[in-house]
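Engineer: I have a structure I would like to understand better, so I am pasting it below and will then ask my questions one at a time.
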Amino acid sequence: MIASMDLNASPLPEDDEDTYERHLEHYPPPEEHVESAVEISRREREERRKRLKKDQPDDRPVHVSQPAVHDHFYQNRNPTFYDKSRIPPGWLDCPAVGQEIGCIIPSKVPLGESYNDSVPPGKRYSFKQVIRQQRVLGRKLGLVIDLTNTSRYYQTADLTKEGIKHVKIQCRGRDAVPENVSVNTFAYEVSQFLLRQKSKKYILVHCTHGHNRTGYMIIHYLMRSQSMSVTQAIKIFSEARPPGIYKPDYIDALYAFYHERRPEMVVCPPTPEWKRSSDLDLNGEAAADDDDDGGPTALPENHETDVVLTNDDVLGDEIPHDQLESLRLFCYQTLKLNVGVRGHVQFPGSHPVSLNRDNLQLLRQRYYYATWKADGTRYMMLITIDGCYLIDRSFNFRRVQMRFPCRHPTEGIGDKTHHFTLLDGEMIIDTMPDSQKKERRYLIYDMMAINHVPVIEIKTGAAAFL
């Protein structure tokens, strides 16, 4: 008999684990009345109302939101005092986990045993239960990516005992979307895990509630690994983890990052009831952020509208060090260059030579390409499926969001988009004749590899591959 399982159902108390496993196999019909989930919720709510009134020091009325009233009972009632044992607002009634997206499972943060006194037995959700639930579904976890801005929710020892890798990428949960360098780290960790695994394992991704930061990161990964629009990626996540991302600034940031116009049909869903009812504490004041560790909240940066462009500007976003080393190695191998001695990096691009009297003799010895002197910054450019990388004279790579479609796309993203095409050129600042606005332009004067293949090994015209 095949047993079905609701991923968002509350796990049974730990003392009933053996009974729970047998129940999955037999499902005996109940012989007597058993409380339903609704009845249990009502009973718990009534008990908490009574205890709540008992704790009040004065006769002021208590305004309690429904149906997540029991969530408030376990929160710290004094917003000015930071309690590390306080469970995140809205966590109790937030669905535990979503459906898989490829090998990625979105989830709210599992809480360690130190929170057991604050969480009713029927509401507990720890990694012990996560691992058991996934095993019942035939899934084996191999990686957990933690996007919360704190380390207080659980100990990673439970994961290492099971051979599960834990990656911490701290992201603020309020006033800002995750930084681009964090997105780069997330995408690299996921892609490397999937590339290296020998047997199929799954990745559990969580922030505090598993919606905004988690969705933001997963959508970025989908955009960088597959050929789709932002609208399609948002839909995939919202169907797997309803209602999806519910912060408008996160959705706007995704469209802006990938240079897409947001369609009018894309409407940000309302804040879920389990989260909306926890926005105010028992005193009617705003609840503290879910995982800011009690520290001050950083204010959003004030970006100036009129930006002055210079050749000394640092372009692009930082990438993980391991990714940097692998991209350097590709350049060395493609160009048949020796790796620098003792780790010394060597810029593999061409070097400009002034056409003075001393260098004229070089033209008698070999053929050279000649071009004009551009007032800009030397960059090589490596084009891949997941983005473009500007390579400076120090052989450092920084990611910029660009994609280059192939001239004759066929089946699959690998044929639609250039992947590991290496260019050489210069970044300049031009004044547009119509608007007199200054914009950056990348002047390409050499192509060194096309889709993994060095140009010197291509016998036919390079234009056939563009």
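Cβ from N, Cα, C; glycine included.
Just so you know, TrEMBL annotations never went through curation; they're auto-generated.
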Engineer: According to TrEMBL, ARG393, ASP424, GLY425, GLU426 bind GTP; identify which of ARG378, ARG407, ARG440, ARG441 is listed for that same site.
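Structural biologist: That GTP site, as TrEMBL gives it, pairs ARG393, ASP424, GLY425, GLU426 with ARG378.
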Engineer: Other than ARG378, ARG393, ASP424, GLY425, GLU426, which residues of the chain come within 8 Å of the GTP site, judged by Cβ distance to the Cβ centroid of those residues?
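Structural biologist: Those within range, site residues removed, are GLY349, SER350, THR377, TYR379, MET380, MET427.
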Engineer: Highest Cβ count within 10 Å among the recorded positions LYS373, ARG393: which residue is it?
Structural biologist: ARG393
Engineer: Reported as an integer number of Å, what is the Cα distance between ARG378 (GTP binding site) and CYS207 (active site, phosphocysteine intermediate)?
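Structural biologist: About 40 Å separates the two Cα atoms.
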Engineer: According to DSSP, which of helix, strand or coil covers ARG393 (GTP binding site)?
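Structural biologist: Looking at the DSSP assignment, ARG393 (GTP binding site) belongs to neither helix nor strand, so coil.
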Engineer: What does DSSP say about CYS207 (active site, phosphocysteine intermediate): helix, strand or coil?
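Structural biologist: In the DSSP reduction, CYS207 (active site, phosphocysteine intermediate) maps to coil.
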Engineer: Give the number of CB atoms, excluding that of GLY425 (GTP binding site) itself, located within 10 Å of its CB.
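Structural biologist: The answer is 21 other Cβ atoms.
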Engineer: Taking every protein chain shown into account, which of the recorded positions CYS207, ARG378, ASP424, GLU426 has the largest tally of Cβ atoms within 10 Å of its Cβ?
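Structural biologist: Within the set of recorded positions, the most crowded position is CYS207.
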Engineer: What's the CA-CA gap between GLY425 (GTP binding site) and LYS373 (active site, N6-GMP-lysine intermediate) in angstrom, rounded?
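Structural biologist: Rounded to the nearest whole number, the Cα-Cα distance is 12 Å.
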